[in-house]
Amino acid sequence: MNLDLFDTLEPSDNRQQQLAQDAFVLRGFAIPYVPELLPALAAIQQAAPFRHLVTPGGLRMSVALTNCGRLGWTSDRHGYRYTATDPDSGRPWPAMPAVFLRLAQAAAAQAGFDAFMPDACLVNRYEPGTKLSLHQDKDEQDYNAPIVSVSLGIPALFQFGGHARSDKTERVPLFHGDVVVWGGVDRLRYHGVLPLKEGQHPLLGRQRINFTFRKAG
DNA sequence: AAGTACCA
DNA sequence: TACT
């Protein structure tokens, strides 16, 4: 018997879970959108393929990413920033599909953030073994808008920490269709994703796809 | 430093 | 904690 946290957890019937004052997990919230999300994702990655970026420290990120929307998050040796064009192609990032915007706005409203107007959607692709170290989202122009994070595919353990990197983190399992929304007093909390466990998802195979919606500009 | 190595 |  070798039961870890995942083995003991199922996609929850609790539709909404409060993580902190202004942070919520909306269980299965994205499920009704999935039939439209996946074809839209296929078009995005055709126009702007997933790629591995390098951090300002010069190290390769294990997670592969692309973007849609007016602005896209990128990183290189010189730092993190949002750009209007894909550095790999020189073309604008693919437009944000209407279904992406609808989902992001509905999730934000459900968590109490009205009139969310994201102009950036970072698309992260996790394969088993990949991770995203604890970090803050602080490359955006204003911190009033929340962050909306959509999970698809195989499950992950999300870490939600405090305002200092060394603060204790809460581990939250995220399953296909779950949406996490944080803003307000929790907007700058550290967060990350632990190394992905092996898995297979009926629609997405051996990967987890995450959409992170932000107001960057 | 959105990353890793190393230590206690 | 240190650090390219």
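Keep in mind that glycine also has a Cβ here, set from the backbone N, Cα and C atoms.
No curator has checked TrEMBL annotations; they are predicted automatically.
TrEMBL names A:H135, A:D137 as Fe cation ligands; from the candidate set A:H163, A:H176, A:H191, the record adds A:H191 to that same site. Between the binding-site residues A:Y80, A:Y82, A:Y126, A:F211, A:F213, the minimum number of other C-beta atoms within 10 Å of a residue's C-beta occurs at A:Y80. Residue with the densest Cβ environment among the binding-site residues A:D137, A:D139: A:D137, by other Cβ atoms within 10 Å. Counting in whole angstrom, A:H135 (Fe cation binding site) lies 16 from A:F211 (2-oxoglutarate binding site) by their C-alpha atoms. In this structure, A:R165 (substrate binding site) belongs to neither helix nor strand by DSSP; it is coil.
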